[in-house]
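Features of the protein shown, as given by TrEMBL:
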SITE      CYS174  site 'Transition state stabilizer'
ACT_SITE  ASP258  active site, proton donor
Amino acid sequence: MATLQAIKYSRGKLLVLDQLRLPHENHYDEVSTAEEAFDCIRSMRVRGAPAIAIVAALAHAVELHNGDCTATEPEEVIAHIEKKLDYLKESRPTAVDLSNAITLLKLATRAANLEGLAHPEAKEAILNTYIKTAEEILAKDLHNNTSIGSHGAAWLQQQYNASFERPISVLTHCNTGSLATSGHGTALGIIRTLHSEGLLKHAYCTETRPYNQGSRLTSFELVFEGIPSTLICDSMAGALFNLHRERMNIGAVIVGADRVVRNGDTANKIGTYQLAVLARHHGVKFVVAAPTTSIDLETETGSAIEIEERKREELTQISGAIVSEDGTVDTSKTARVAIADQRIGVWNPAFDVTPHELIDAIVTERGTVVKGADGKFDFSQVLPERLASIAARQL
């Protein structure tokens, strides 16, 4: 089944779906500079940790392809690239995929083979290395997402002995599908795989205040693909588990992640933590779906994660298409309205951190990680080389 595309790329051209216009309008912005990418990410026209990293990497690839870099000396070319990458890193500091992608791009660029090349050819080699590496980030993400879907669906099937005769229902938060990635998705990718294998009874999604990624984006994806689904507001999750868990066979809350640290603490969209608490109380599995690029082994616990705080107007105002008197939606007309007293103080963290004690499984493209007898997550099976590198530095 065809899925939505948040990112359309060909060498020298990048189109990014403006997610602020969804679900009523599909509009792609052409993003051709690092500055345009920064604005696109910061304004949340594109969001989702994998998609953010991809857009940042590819936007700079586009401007390099189109002649942005006027430096000629190899070290000056590398300095130009690294300056732009450092700038892009500040667009969404909580999402570790972005910093991991930037680290990868810097290493690849510095490792470009310049042996025997004069300055014009050396510059070309550096630029081509960067562009190729950025394109590989895009291609790898799609492969990772389908693997996450397979691993997550298999783990849940085993936990509940799910079958065509007894499918399970799940709840998801925020948007973790094709719109947050290069395609298929992470948490929503598991839901897609469950559905395709006949193991999904129903998918519930939260509206995900204050930016409504669940109601605007996830519900749009679920309806687009014909997955049986229901939208609830964030404060209804406890009642859903209490009243419908047994009848609907609700087996799991499945969420994505902006950053998973070494002990398994997970930063994700605000509201994730409270869902984990409710899931534990009601005996529902809590599953984090994240590519290994979202795992930060350098940070020991969630207390060290920088939490982005966003502007007050996201809570006190809202935009949308106009609903006519007959109930039809007029997408040609939009309005921004106040939904709170504009004088009230506002606290608007974009993320919260769910303690690892409340997480049952972390699903990656390399497999599903569960806690050992000591109650701790061990990432050695999915990230042995990265753990070995950290251990070597500590000697």
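Placement of Cβ uses the backbone N, Cα and C atoms for every residue, glycine included.
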Margin query: Suppose we draw a 10 Å sphere around the Cβ of ASP258 (active site, proton donor). How many other Cβ atoms does it contain, all chains included?
Written below: 29
Next item on the list: Give the number of CB atoms, excluding that of CYS174 (site 'Transition state stabilizer') itself, located within 10 Å of its CB.
Entry: 29
